[in-house]
Amino acid sequence: MSLFSFLNRRSSAPMARERLQVLLAHERAQVGHSDLVGLLREEILAVIARHVQLDQDKVNVTMQRGENVSTLEVDIEIPVTASVRAA
Amino acid sequence: MAKVIVVTSGKGGVGKTTSTAALGAALAQRGEKTVVVDFDVGLRNLDLVMGAERRVVYDLINVVQGDAKLSQALIRDKRLETLHLLPASQTRDKDNLTAEGVEKVIDELRKTFDWIICDSPAGIERGATLAMRHADTAVVVTNPEVSSVRDSDRIIGLLDAKTKKAENGERMEKHLLLTRYDPTRAERGDMLKVDDVLEILSIPLLGIIPESMDVLRASNLGSPVTLADAACAPALAYRDAARRLAGEQVPMTIPGERRGFMNKLFGRRAA
């Protein structure tokens, strides 16, 4: 097994290089102004919380940082019985 | 004219103190008056790596607070009379370091020394920002490894924002010192290559220090690696790096890079 896994093993350095390039492009962009994605996440949640009682456990925020675009996925479970506050 | 250098990295354990001692000794060996200054208040180690741990009487904080004169705190190296150490305090808190106090000490050191090499603590807080504050040139010590490269990138950002030079609108000179490099593993694709790190950080290369047993052996002995064994691979690499710091043109090599046993065998046959 060890022999075959050794033969199949792909080198890891290109992976390290690619991950760093993507990460640092984002971190460098954040210097000076605040984290845009983080800001969006907080404001979106605040707006929804104004109208619907939010259960923090039922809120799922995921983020994918890509080279050119990042996606922010906000998944909020709103129960049918949720008390809709005055709109 | 005196040159103030900060040896910094963000991440701990990448070789700042080793590099400070080795570069300091290499510059002093050129006959230029050199002082290595430990900024790691509370966790000093430069004294230990330099083999002067039993000779510390006064430290940087004593001088900053006016309890001792600079000349009382400076320790002259027993091997090289051009090399001096200004130790950090082991017992005091880093809050005792003030920007004004550090500036006064650095200005005083500039009068007597050709090279002032500041060993920065890890991290990006007060100690690290004070160590870099008055520098003319920065040596960014980086290992070919993701977390070290990321932290170096952060430190480069701070060097361009939080230093006196940056605030005056001047350009902060930055150099990359790649340490613990293993050419065999890089060639195999299991370690970031020199060019990968250079491309990501985009600052000029000062030197490549190969991973070596000699570095640990030197620190065991309490000697900068450039003095412990002047002929070993890391010593040669540090000496070349010191020459580049001094403005000499030295071709970039990876000292100690040996061809593999098989290569040697076949290479010899072919010749």
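Every residue, even glycine, has its Cβ placed from backbone N, Cα and C.
Note that TrEMBL annotation is computational and uncurated.
Features as listed in TrEMBL:
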BINDING   B:Lys11, B:Gly12, B:Gly13, B:Val14, B:Gly15, B:Lys16, B:Thr17, B:Thr18  ATP binding site
DOMAIN    B:5-225  domain 'CobQ/CobB/MinD/ParA nucleotide binding'
| 8 Å Cβ shell about B:Lys11, B:Gly12, B:Gly13, B:Val14, B:Gly15, B:Lys16, B:Thr17, B:Thr18 centroid, ATP site members excluded | B:Ser9, B:Ser19, B:Ala122, B:Val141, B:Thr179
| note | Cβ neighbour count within 10 Å, max among the binding-site residues B:Lys11, B:Lys16, goes to B:Lys16
| query | By a simple count, how many Cβ atoms lie within 10 Å of the Cβ of B:Thr17 (ATP binding site), its own Cβ left out? | reply | 25
| request: Run through the Cβ atoms and count how many others sit within 10 Å of the one on B:Gly15 (ATP binding site). | output: 21
